[in-house]
Amino acid sequence: MAVAYSKHTTLYILNTKCGMKVGVVKVYKYLYFLISVILLTCYFLTGCEMDKGTSKGKVTSSLDRTSFFPRSVPAGNYTKYDINLKMSSVGEFEVDANINIKNTSEDAWNELVFYFIPNIFTKATSEKLNYSLDVPARLQFKKVVVEKIPMKYTLNKDKLTVPLKSSIGPGDEVKVEFSYEFTLPEGGLRFTKSNENYHLAQFYPMVATYRNHNWNKEEYRFRGETYHNGFSNFKVSYDIPKGYTFASTSENDVYPGKSMGSFEVNNVKEVFIAILKDPKVIQKQEENVNIRVFGFEDKEDLYKEISEVASDALSYFQKNIGPYPFSQLDIVIDGLGMEYPGIVTANSIYNNKPLEPKLLKKTVIHEIAHQWFYGIISNDPYHDAWLDEGFADFATELYIHSTNNEEVPYSSMYAAIQNLDPLPVNLPLDEYEEGKQSSYIYGKSSVMLWSLFEGRGGLKEAEKFLRIYYQYYQFKEVDSKEFIRFTEHYFRLNDDSVFAEWLLVK
Ligand SMILES: [Zn+2]
């Protein structure tokens, strides 16, 4: 989400990464009074130490590290992927994927469940789901082999289920091999051909998480992220036609690129590969990170500006939240605004026209913020989407406010969400009305995160909060319940009343 507001808060616009306007409202001065009343009520309810409602108050909190222990939501499996990818000169792909899955749950498994998103964009599935594509994907499975035994499988929408001949007990491992061919759709989401570029997102079978005695696999949706994986290890080898540039989650990709190569990356939720036709490349070194911007139009000045703002934001996030885990960050100015480990895409919002430069830069900052909130601190984006979207927006706004030295415009933030129905921000994606989820997941959640710091140290305290949150939860998965537990401890709250308006305690 990008944020724009003028002085004295006459206009406030919340834009999601999807370009959705959350609210455009006029703000009146009496809101300051109203908010003061609310905050005073909060004071009496929570016993929090206030600092007269300014964002420059003294720090009132700290975390007692001897009595607080973070709890990670377990993934239920630990997975290693070995993927071999071959692309022909006409854009046909062959994949061999060997996947080693360790059962880290307490149950024995009789089947394995994967997300296989390429199937969403075939002619048959996309028509069934009423999703219109310019060109559908083609997909053909050649084999599915479990422990060297060919197995029958079922593929329904993006759910790939592989039955097991003998069950896999807790602590046991199983090796599955997939072999398949595909072409990319045009007009797809993330997994798509865009202009002359190939965006390989979610192109391999991705092992679902396993929790509460079940595979945690929800229905695919075209809005939001409906897939969720544990931190995994990857080995990828590739063979692509000459004339293309390979940019991926790997920190070792070079420009000009090679047509054959391989990389390994550990402890990431997924890998993304972009195979790019004649990009214009701007490289900028930010301390320990090489930032590469790939553009496709005659807009070198804009790409340079993007590299500068990306460098500045990355530096701010590293300093104020924690280290970025790679030595390279790729920014592809093509396709839907989207985050992947070590690489982001940003140009448009759900196939709308390209973003104008100011919003494009904010989208880039938002996607970079996801490197921390999604990439390093994980959450289930179906059941707790706000934990990466709301935090990515919150961090983006922190960066913006830290650079402009203006007061945090709390009252205009509250005004922006005042007309929303009083729903929590942490409902599963299917429980929001069509088209309304972003107002809560991005808009209301980031505003409510800000509200925690109004009167409790403002921007500086928010930075400290994120720093400690990072230290506790890096490479762990957080849910709403754990966020509340952490925050209550951090601010020494006596109860969860500060969350009542916006978080459903699950
Ligand atoms: Zn986002």
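Note that Cβ sites are derived from N, Cα and C of the backbone, with glycine treated the same way.
Cross-referencing E356, E389 against the Zn(2+) binding annotation in TrEMBL, which names H366, H370, picks out E389. Take the CB of E389 (Zn(2+) binding site) and look out to 10 A: across all protein chains shown you find 32 other CB atoms. Cα of E367 (active site, proton acceptor) to Cα of E389 (Zn(2+) binding site): a distance of 9 Å. With respect to Y442 (active site, proton donor), the closest of these binding-site residues in Cα terms is E389, chosen from H366, H370, E389. By the criterion of other Cβ atoms within 10 Å of the residue's own Cβ, the least surrounded of the binding-site residues H366, H370 is H370.
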